[in-house]
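Q: Just lifted these from Swiss-Prot, have a look:
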DOMAIN    6-73  domain 'J'
ZN_FING   134-219  zinc finger
REPEAT    147-154  repeat 'CXXCXGXG motif'
REPEAT    164-171  repeat 'CXXCXGXG motif'
REPEAT    191-198  repeat 'CXXCXGXG motif'
REPEAT    207-214  repeat 'CXXCXGXG motif'
MOD_RES   Cys410  cysteine methyl ester
LIPID     Cys410  S-farnesyl cysteine
Amino acid sequence: MVVDTKLYDILEVHFEASAEEIKKSYKRLALLHHPDKAPIHEKEEAAERFRGVQEAYDILKDPESREMYDMYGMNSDSNSQFDGGVNLDDVLAQMFGMNFEAGGPGKNVPRDRKRRGSDVIHDYEISLEDMFKGKEVKLRATRNTLCPRCQGRGGKRFAKEKPCLSCDGKGVKQHLKHVGPHHVTNSQVICDTCNGKGVSFRGKDRCKHCKGSGTVPEQRMLSFFVNRSAKENDKIIQRGMADEAYGITPGDVILQLHQKPHPVFERLGDDLKAKLKISLAEALTGFNRVILTTLDGRGLEYVQPIGKILHPGDCLIIPGEGMYKDSKTDLRGDLYLEVDIEFPKDGLIGTTEIEILRDILPSIPKVSVMDDTLIDSVRGVPGDISHFGGDARYANEDYGDETYEGVPECQAQ
């Protein structure tokens, strides 16, 4: 008698379906829900459906695990062979918007909360272009999954666990650590024989497939979908895809984004900033040309009107040419252009041109001095303003904080 048909419902087959029928339906549904075939805004939902189909097939394709599922279902108590695996009730709820507990669809049946495994975080460097346009990141990962033969118990069918001999059934061991010549600390560590359960199977009762560990390594290609509004340190989560263990709810695999430095743009929030390099002639007379290539590959043409003179350090704002504010609308931040004027090199302007420029450009007013003021003629040398105040003679000294030897005071008699 079949006590639970949820996995069959996911694969859209009858619980008496043959192995060939199950395989055929799995291939059809896997192709239908494959994330690569979904639009970018539906990829996460498709990935959830695809994972649910995959997990259901992983159990039903194996005759032994299918038999155990038919006998005990997914949520029985002491006899459950699937406890600690992927939570298919959550998968069903995400796929169909229903609560599939032991009482059936729509029933609010409380469920014992299981311990949760650790998350796995992968740091990923991404270009500013990919953060602007969005990207699918594929990551090949290896994780521990519940053994398909023993469903994570680590022992043969109907074999009983016994107190772990390594930790005396406590699940932890005492660990002595020398922290100094005459000092030792005592701490507890999880038993590596029973993985903290306190019980284990004897040698003859252990599952031969996983050698009693309850898990086997599995390689999977995970897909993470970076939205076009992604920011530094954003986390993209594949829930429940970390290591599995018996009696444990798997943690998440997390992709944490780190933006690579960009040669042209600097980002702050939804805004971008770039240097606008122009010649002195352009600063004085205006220009009309492509000034840079945008993150989506467009050439950005800018018109500076004649008569509008630009100065070093001026800021020009181009509205709506920054980053996307979110993944659902076309609202964008602004592009800030910082004017950087390139002056001509020494000797480029001849004597005749110099006289013409002096006639055209306004002159600087002279500093007025008294007739009897002593005038010194000086010349400068090229320098670096960052060296200002850096005279080695005054290094590590605070101006105005000098101390002097004083005259000893006479003590009162």
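Glycine residues also receive a Cβ, built from the backbone N, Cα and C atoms like all the rest.
Can you walk me through where each of these features ends up in the structure?
A: Taken residue by residue, the domain 'J' (6-73) breaks down under DSSP into 53 helix, 0 strand, 15 coil.
Residues belonging to the zinc finger (134-219) score a mean pLDDT of 79 in the model.
Panel annotation: around the repeat 'CXXCXGXG motif' (147-154), residues 58-59, 62, 64-65, 68, 81-85, 161, 200-201, 206-210, 212-216, 244-247 of the same chain, lying at least six beyond its termini, place a Cβ under 8 Å from a Cβ of the stretch.
Counting residues 6+ beyond its ends, the repeat 'CXXCXGXG motif' (164-171) has Cβ neighbours under 8 Å at 190-194, 196-200 in the same chain.
Proximity of distant same-chain residues to the repeat 'CXXCXGXG motif' (191-198), defined by a Cβ-Cβ separation under 8 Å and at least 6 residues beyond the stretch ends, is recorded for 161, 163-167, 169-173, 213-214, 245-247.
Under DSSP, residues within the repeat 'CXXCXGXG motif' (207-214) fall into helix, strand and coil as 0 helix, 0 strand, 8 coil.
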